[in-house]
Amino acid sequence: MTVAKETESREPERRQKTETEKKQAEDFDYSAAPPFTIADLRAAIPKHCWVKSTWRSISYLIRDVLVVTILGAAAAYFNNWIVWPLYWFLQGTMFWALFVVGHDCGHGSFSDNQSLNYFIGHIVHSFILVPFHGWRISHRTHHANHGHVENDETWHPVTESLYKKLPFMARLGRLTFPVSLFAFPVYLWVGTPDKGASHYHPESALFLPKERNDVLTSTICWCTMLVLLINFAITIGPMWVLKLYVVPYWLNVFWLALVTYLHHHGYEKKVPWYRGKEWSYLRGGLSTIDRDYGWINKVHHDIGTHVVHHLFPQIPHYHLIEATAAIKPVLGDYYRVPEKSGPLPVHLITTVMKSFSEDHFVSDEGEIVFYQSDPKVSVSNST
């Protein structure tokens, strides 16, 4: 009874502390230059977190491939419309897990053996119709320039002047929820609205001359997978390919775009974007956001642990949580604590819809800028 009374007496104090911490977070200037360096963060991470275990990485790949195979076999065996929707969600989620394996191969965090990284990366990415080297190179650009208004590659903001010039379809594809979350294949073909470069063409502006053979190899692998799918459609029927592969593929695309978007948008307080002398690799990395995906965290190889991944992409996914815990005391208020998820991350639906209704463009001027809203879009989304 005494303990209960003591706990009850401390409750107002705890609430006050929580409210104070929330107020401090609201007042904190995330765009201010941090008092620590990238070297300080690196030194805080235990040495074993940098170690890549090829066999451990392969074990995760085998797990994913087995689950994908079992799901496909089970759906084909039962073949009824009660099973198919569940299969599509689960298999689409697993296709996204395979993408993350290829993502790690692209960063070299799958193994110290680059040839193995490229071999596995081509297999898993070609399977889900992603040109491995084309994507790998543009994703490298994204990491090298994260948080930079003009130089970032993925989901970076457009300036106000460019926004006003965008044709209707480009604006629709960028700002309409959930249309834009299915636009990844279009992005691979034509690039972003302001850069317009294909991930398939060896002569694309995305690539250096020495990278053209790599890009061509990946495009050939992509075409091979497409030919296999067409052959399956001819031999077993288009409806089977649609049910077993096409629908999960599009759910995988949705996952990919949703996760990527949320790691750079949609925090309660606007995320800063930089240009000019205010940008640095460290400040750009600190603009990324960790997210909690509930049960799906482990399925997606902890890709939601995103801040430390952006700062140190060489760290294998199975060390990201420990590495994050190690740098949090150094980051202090610069670390945005993710909202706790239930078993499924349904809380993020509200977050992403709110962001799409508010985050439209940034100013053409200024070295530290934040997303602004188009009143027309904001009004139409709120009615």
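Every residue number used here counts from 1 along the chain in the order it is shown.
Heads up, the Cβ atoms here are built off N, Cα and C, so glycines get one too.
Here the structure is a predicted model, which means the values were calculated and not measured.
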### TrEMBL annotation (transmembrane segment) - matching range among 31-51, 115-135
115-135
#### Entry: the transmembrane segment (60-78) and the transmembrane segment (215-234) contact flag, 3+ Cβ pairs under 8 angstroms
no
#### Entry: Surrounding residues of the transmembrane segment (115-135) on its own chain - C-beta under 8 Å, 6+ positions past either end
54, 61, 95, 98-99, 101-102, 105-106, 108, 185, 188, 198-200, 204, 206-207, 211, 214-215, 217-219, 221-222, 224-226, 249, 252
### Message
Give the nonlocal contacts of the transmembrane segment (240-262) in its own chain as ranges (CB under 8 Å, at least six residues past its ends).
### Response
72, 75-76, 84, 87-89, 91-96, 99, 128-129, 154-155, 178, 180-185, 229, 232-233, 289, 291, 293, 300, 303-304, 348, 351-352, 355
